[in-house]
Amino acid sequence: MAKAAVTKRHHFMIQKLLILLSYGYTNGLDDAHSLRCNLTIKDPTSADLPWCDVKCSVDEITILHLNNINKTMTSGDPGKMANATGKCLTQPLNDLCQELRDKVSNTKVDTHKTNGYPHLQVTMIYPQSQGQTPSATWEFNISDSYFFTFYTENMSWRSANDESGVIMNKWKDDGDLVQQLKYFIPQCRQKIDEFLKQSKEKPRSTSRSPSITQLTSTSPLPPPSHSTSKKGFISVGLIFISLLFAFAFAM
């Protein structure tokens with residue numbers, strides 16, 4: 001029992017380390033503005049309680065916040081472009097919440113890991129496309145135990161480990177879910193890109209890398225088709241070096 005607990009804590013530490021380093025990787029590639037949406041699916045114990053919560057932001061400024069009870073858009077940015085972007089995303093997000101709720105409720109997981117009904121945290125990151133094919137990254141975290149990522153640029157999936165891969169393979173075979181993830185950005189791309197361009201023209205506040213406790217989802221590695229800068233190579237190298245130290249510490 002004690003050994004199993006240590007192993008679980010060790011695995012969780014590695015996952016959080018990967019999150020922190022991958023955050024540094026994506027921030028180091030360029031200074032482009034990006035849209036970030038965080039979705040949380042919780043135990044739907046009552047129809048009167050929020051089981052889905054969504055927040056979308058650009059440069060840490062919230063442009064949309066909704067849940068399954070209050071399905072209307074609220075914005076922290078009073079600009080017309082922010083409102084237009086949020087309104088365009090509202091219905092796709094409501095639809096995706098329902099799809100993800102059905103998906104996670106039908107997903108069989110190890111109850112010793114999830115401790116009850118599995119909760120799902122999803123992070124979508126979309127950098128300004130600059131005329132290129134729009135590509136988004138979808139990061140999935142089930143109960144802080146199963147992690148996998150979907151890249152719309154090349155329609156590829158990556159899991160953090162074999163256990164996560166079992167669940168990931170079932171999700172990737174769901175055509176309806178894949179289509180929703182793939183076309184989430186394209187259906188609002190014009191408004192999103194216009195808003196990101198508008199944001200780029202404004203002075204950008206200096207942001208700090210989040211602490212490990214603030215991070216809720218993981219991206220194991222950047223997609224192989226992405227171009228890699230020197231900062232990217234350094235971050236990837238740090239990931240592998242840190243993992244080597246972590247495994248050596250556990251032995």
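Just so you know, glycine gets a Cβ as well, placed from its N, Cα and C.
What you are looking at is a predicted structure, and each value in this text was computed from that prediction instead of being measured.
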TODO: Could you identify, going by Swiss-Prot, the member of Cys52, Cys56 that forms a disulphide bond with Cys37?
DONE: Cys56
Task: Candidate cysteine (Cys52, Cys88) that Swiss-Prot pairs with Cys188 in a disulfide - done: Cys88
Task: Spatial neighbours, same chain, of Asn70 (N-linked glycosylation site) - Cβ under 8 Å, 6+ residues apart - done: none
Task: Cys88 (disulfide bond) and Asn154 (N-linked glycosylation site), Cα-Cα, nearest whole angstrom - done: 25
Task: Pairwise CA distance, Cys37 (disulfide bond) versus Cys188 (disulfide bond), rounded so that it is a whole Å - done: 14
TODO: Could you tell me which of these disulfide-bonded residues, Cys37, Cys56, Cys88, Cys188, has the fewest other Cβ atoms within 10 Å of its Cβ?
DONE: Cys88
